[in-house]
Every structure is written in C-alpha cells, then in structure tokens.
Amino acid sequence: MRDHFELRDGDLAGRIGRLSVPRAGVTVETPALLPVVNPNIDTISPARLESEFGAEILITNSYIIKTNDHLREEALDVGLHEMLDFDGAIMTDSGSFQLAEYGEIDTTTEEILQFQRDIGTDIATPVDIPTPPDVAREQAEADLEITRQALADAEAADTGEMLVNAPVQGSTYPDLREEAGRHADATDLDVFPVGAVVPMMNAYRYDDMVDAVAAAKRGLGVDAPVHLFGAGHPMMLALAVALGCDLFDSAAYALYARDGRYLTVRGTEHLEDLDYLPCTCPICTEYSPDDLREKGSKRQEQLLAEHNLHVTFAELRRIKQAIRDGDLMELVEERARSHPAMLDGYRALLAHVDQLEREDPASKGAFFYASNESAHRPEVARHHARMDRLTAEGHVLLTEGGVPSGDDFDATWRVVPPFGPFPRSLSETYPLTAEVPERLDRDAYEQAARGVSRLVEENPDAAFTLAHDDWPESALARVPESVELESLSAVSERLGDEASVGGDDGDDGGSASSAE
C-alpha cells in the first residue's frame, strides 16, 4: 500500500482521501483542484488562491520557467514556493503539454526532473508523450513505449522527498490504457495522471473520456491517487470523481474568463448573454452582468476568473458531501442532464457498472430512481449478482403486491423493479428501500425480469409464479418459460366480476391482499 495516500470515505469509485506531500510538509484533501498558475500571467495570485479560495495545491509549468532566463534564475535562487508566494503543495508539469502542442521540446526526463527538484517542486512530472485521440494504433503503441522509458528514467532519478507523477497514456485504445495503468502502478512512482483527455473534453466526447479513465483505473491499484490532467470544468467533476479521479487541474477558470465566459455546473455561458448571475459567490452577489460588462477588460477578466474558481471549488465541496452522504450517483445524474454529451458520459459510466460495483459501498443513503439510467446502477447489478445467496424452495410466489389466485404457496417474495425478487425479510435493507416512482419505465421492468431469471437459474428445483402489475412484453420476454405468469390487474378485474355476480353471497376466489 502507498503510505502517502489514505482513503477516508467512498461512494461509487469516488473517494475522499488524504494525499501527503512530504516535501511541502502538507496533506491535501482529495478530490482537489489544482489551479493552473502561469508564471508569466498573474490573473489571481497564488497567495489569494490559498487565502481566499482554499487552494491546498496548485500546478505550474517547469518547462516555461526553465526556458525563461528571468524566471529560471529567480526559481533557482529563492525556490518555487517563495517565488510564487504559496505555502501549499506545488506540482509542476514537464513540458509535455508544449510537446503535444508544438511537436518538440528541448529537455529530457532526467534534466527536467533535476530542474524540478532544484527549484523546490513537490510533485514532479517526467517527459511523457500525450498521444491524442484516434491516432493509429501503431503510433499509440510507439508513444506508449517512449512514456514507459520516461517512467523508468524517473524511477532511476534521485528525487529525494519529491513525489513523481507516472502518466497513463494510450489514446482511445482501452487495452493500451489498462496496460499503461498496470505498468505505471508497478513502478515506485507516486501519483498517476491520466493524460491526453483534453482533446476529448474539448470535443464534448465525455463518453470516450469515461472509457479512457475506466480502462486506466482497471490497471491501477485502489490505493493509486489519480489525476485527470487538464480537467477542471465544474460540469464534469462529479462524473470524473465517480470514476475514481482524485486530482484535477485546469486553466479554464482563467482562459475562459479572458474570453468573457462564465462557468456554471450546467455548462458555460457568455457574459454578453446573461441578464442575471445564477450564483451566490462573492462576485455574483456584488456585481450584476451589466456591472461586469462595464469593467475594463483586465478587471472583467479577473472578476470572471474569481467567479469561475468559486463555482469550481464549491462543486468539489458539494461532491465531497455527496460522497459522505452516499448519494454521489444522484449528483452525477443531475449533472448529466445539463448537456447531451454529459448524458453520454453518464451512460458510458453505467456501462462499467461491474467495475463500479467492486468499489461502491454495499450500504449507504437512499436510492432515488430518477430515470431509466437508474435501472443500471451498481446497486441493481449487485442485487442480481447476489441472487446466488438466496435459497428458494417449493412453490414460490414472486409478487409486486397482491396474491394472484387461491393457490397455496410455500413462500411469498416481493418483486420491486428494477431490483427484482427478494424475501420479505429483506424489505427494509438497502437498496431495496429505494424511492421508486409510480410510473416506471421499461428499463426498470426489464432489469427486474433479469433478477427473476437469476433467481430461477440459482434455484432450479423450485417452482415460481410471477404476479406482475402489467409488465411490458419486453420485460416478460426475459422471464424464463418455467415461471408461471399472472397479471395482478387481470386477477383484480376477474375478482371484481365474480363479486358482482355473487352479490352478497361472498367471494370464494380470494382477494388481492398485500404481500407485505
């Protein structure tokens, strides 16, 4: 186990952790945002990032510092912390971003790691190759080999107390991402950035981003702190945390502000289009859109950048509380409704339900069924997987609430879509206490039918009758042929007809009583 990263709480694959950074003498609570600081541009000073926004860690570019005579001399003379006036942890990039943008840089892993150590970096980065999406597999494999060599060079370097990143690349090839994650995890390096996802996010390919991160996570150990390089828009943070990412960096707060763009948890707005500011941060409570538009360009940029940071840090606090409360999935689902591409990302997340289920706590807060995607949550998959723990004997009635006929049954179990069947003794256990709407969708019934099928498969000697409340044909088609089907509404109509014919003479056909 890595002794510098401690997991304190979790929900889905998301976690609250403590990252110890020995060279800085600080411990950073994760999930954490690393504001990007350009040493040439002072949009918001690092001292203010720390004192006003609560930043515990930031990231800057050691290659920019190294290639600027003035910055290099100052950093070597007084150290990075004094130069930036920041007491928290400082991560530095190696120039890999410049390599991706311009095709080459004038440094090596050995040189840049030594320079990062000399200027007082707390978490350093080797020179990896950020392979963009959709390249030929041969290029992705060749780039990955160069990155592997960079990790080997980083392992061999004398880094002292400085933590070192082990980037995970692999383009849009899940098997290469997983392989890269496994290789990085086997090194003695410390933090694991998933790289080259910015082009996916810029193109709103959140589903591809999810697949890349999920593949990398399969290769990495649970105790590996994961950094999603270049991610920092508040709209996608809950999704990324649910995947198991712990650290985020982005210059978006400043770059977007420079273009008059205003970040929200639902997307990006242009200041020129706003009549109201839908936020309660200090900037939005003091200024109106007209006030901001009347400011000079530099002042407007600074105020927008401050808002953008406030909303991003607030979202991380909201995510942490959701993890603590056990309702991170509800927050992810809410954010998924902000943009069709985010919904694609959410559905991609649910496609990795078996992977999520392995890390998701077995018991937590209330389960709210909010959409057809809720039918595919880890809790449903876990209930189906655990059908092998349930023993059914004799003739078992599986019912949504009523007794279908006068038949005698050896046992009566409840059926609740999307989970399916379970003994009534489990009715008050999580997640079977789920809040489910009266009008369910097809996915919920089809998942319940899968649960019935699993129970029948695990108990071949038992006989089953399913009393359903008008399930759709697509769901009933998934129920094994050996299960007798009865519609509760049809039985209710039949009993009503019999009661009408019999008048006051009584009803010998039974009644639809509660299964609870």
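Every residue gets a Cβ built from N, Cα and C, even glycine.
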Region 'Disordered' range according to Swiss-Prot, out of 285-313, 488-516: 488-516
Environment of CYS279, CYS281, CYS284, the listed Zn(2+) site - residues of the same chain whose CB lies within 8 A of the CB centroid: LEU277, PRO278, THR280, PRO282, ILE283, THR285, HIS307, HIS310, VAL311
Surrounding CB atoms that lie within 10 Å of the CB of ASP128 (substrate binding site), all protein chains: 31
Residues near ASP93 (active site, nucleophile) in space but at least six apart in sequence (CB under 8 A): ILE59, THR60, ASN61, SER62, TYR63, THR125
Site of maximum Cβ density within 10 Å, from binding-site residues ALA196, CYS279, CYS284: ALA196
Whole-number Å value for how far ALA196 (substrate binding site) lies from CYS284 (Zn(2+) binding site) (Cα to Cα): 33
Cβ contacts of CYS281 (Zn(2+) binding site) (under 8 Å, same chain, 6 or more positions away): GLU306, HIS307, HIS310, VAL311, ALA314
Conformational class of ASP93 (active site, nucleophile) under the three-state DSSP mapping: strand
